[in-house]
């Protein structure tokens, strides 16, 4: 049996040899050998849970039968009547009585009290309807179910952990008992679990004689000692629970511990490679690929990473194309494989041609079936006055098809576009959708188009981008460049940072995904369009400061003093950015802020700290009040009409050799993009460059609105009396938390939203998806009154929207705010996809010329009327996206790139502002993900994290 479709899950399920954690019953012990997995959702089920009955009778509810329910959205989740836990994946319910019970409680309900737990000396009481907590035994955070508490010690335990003795005999180490220890109690070999290789926490089991350590998870759920699974190997394979260097026969990569082995065949395999799919499709090749235990002898190059493939190890190859192979791990990447195992599934029928030949030069094209199209050969000069319906590009002297009865025209090349294709931009197959005169945003280049597009659920690329191949040749570099997603780099052409780039395998060079692809005579070339996100002032008299900390690790090979380099670089910087050496004052007329340049310079502070940066986790979760000590204080001269320096710097050196650069720069002078441009320039000069790569441009006159006699409009002022309020406010007991969201969870959330849209016309950006989730989670956490109005404010850059666009080097404010207004009840009842659509629609209003002109004029009115934001309601929420504006370019001036960036918000406005940032570079698992910085009342933060955790698992 290769795959099955069961009513307990929406995707096909595939057999797997063992299950550690089941998403059906949530049990985390008693590892079983039989089960199923969903490749798309990356979850597992016990065989019994996946094949559970759709209707049962149970003594917990004898009145009526219980029906199995599989909620598709978080809003459909329920709480179990027996254990009180929130149920997300599956549960039984009575539709008549609204009785809900966990599938785990059906099979084995947890006791209310554990009288004699093995892991603790006192009895433990089951916590029902509790907020997620931390198990003090295994240290797992945000435990949602079956958590028990000792009323005397206040310690909490998983149900499974409570039954673990403090000394055990483990099946993988029978020579000596293992004792439950902490890091402080014993020295261990390499800090990793002997079985799974994960980093050990503070608590684990250890044999001090053999230096054998396993984490609690591998004690609760050890993998089976032996496995008989045909997909892995013909014979039974056995676990070798020891440190051992080996080369995996399935994927060809090295391993350092606990493989499964067949001594009869001298075969070794990673635990994670046991159930690799056998036949798959990838988006880098047009045919199916089959997994081979080994390739034929010879030289093989991977079709994805273009590195050598060891022919003696497992890989995927094509039976049609004899020279094509791809590493197992490369083939199964999330951005390459469509998550379908194809063994036993018939091949799809041959490709349907886009047109039928009528006779001679006449065809009937599927996009224009009502009339015939006639071929016009090359060298018919059209002058570019007519455009192709597919690519929306002018037709000059290329061959084209024209309708014999109307104005419909296609390039000959576009008329031959396949109806379906696989493309590097998406793991799923794409279908050609003909133009219907509606605009869409291309998911690759973000340009708007009304032409043909290749589409799958919530994903569209125009035919110009679809013509771009995986490998390109660019005039800036002599080698072939290959497309890669996930390895964020700076583009050599425009300096922008992106996770979608073309890279040279031999040189350390990256080129940003092109903004425009043009097809001429079957050849593909591209132009790089430089677009930079930014902002326009929302309230120039609300004089916020950008407080930002850049964190650098020490470099023992660099003997230079960063303070000396930065101080010299700052003096050179002010030659280019001379307005920053002045002071900001209010004008006599109109109260408009003015820079008075008297050559006073920029305050530059130096501080030292006796701590190591690692002890502060490189500021990842440092309290804001402490972090503010790393940012210079701004001295304000109230006697001279609110006069102060627009920029100040502070370098703080730590005992480990690392240091931080703290900046304070007023929002009146520049936006987040401008801040990043200035700091990039500073580090360029500190690195020894004699000239800046981007020369600053002033041109503030471009954004001066028309002055009229209308009253200023303060955002939210027209609904001030209707704005929602929270029972937690007012309060000074605020906490700031960082919520990490991995790339795989963002993708899963996007996929969920795609499935919610029955007829998706355009995809959602990461910001649109996350802002919808965060806004909804914040509203729930604050318990805003249902009939009140809550507002999401979105900052949209207009540098590229103005006509002509603002020049490169402009570092002033260049954004406008757009707003999404809903009652709290409407927000709660709306699906995430519906909210994301509203966010997308609001963003598009920022591209309207009339809207921009009105916002510019209102900015002048706000200054004229000396307006301020005062008494902002609990329901108003500004969510800013710092992923692309925080890092303008390379900031390496001898200590590598900063490992972390920490923006700070003024305390009085922090609760109304959220930030989406790139994650710290110190956590490889967060590559491609984001971190969300939120400030809320302490009691509300618990609910916010719970809601975000649930949405993170959709």
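Glycine is no exception: its Cβ is also placed from the backbone N, Cα and C atoms.
What you see is a predicted model, and the numbers here were worked out from it, not measured in a lab.
Features as listed in TrEMBL:
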DOMAIN    66-111  domain 'Phorbol-ester/DAG-type'
DOMAIN    120-170  domain 'Phorbol-ester/DAG-type'
DOMAIN    134-211  domain 'Zinc finger PHD-type'
DOMAIN    176-224  domain 'Phorbol-ester/DAG-type'
DOMAIN    233-279  domain 'Phorbol-ester/DAG-type'
DOMAIN    247-306  domain 'Zinc finger PHD-type'
DOMAIN    387-446  domain 'Zinc finger PHD-type'
Stretch among 66-111, 120-170, 233-279 sharing the most Cβ pairs under 8 Å with the domain 'Phorbol-ester/DAG-type' (176-224):
120-170
Do you know the DSSP helix, strand and coil residue counts for the domain 'Phorbol-ester/DAG-type' (176-224)?
8 helix, 17 strand, 24 coil
Would you list the DSSP helix, strand and coil counts for the residues of the domain 'Phorbol-ester/DAG-type' (233-279)?
3 helix, 19 strand, 25 coil
For the domain 'Phorbol-ester/DAG-type' (233-279), what is the mean per-residue pLDDT, to the nearest integer?
92
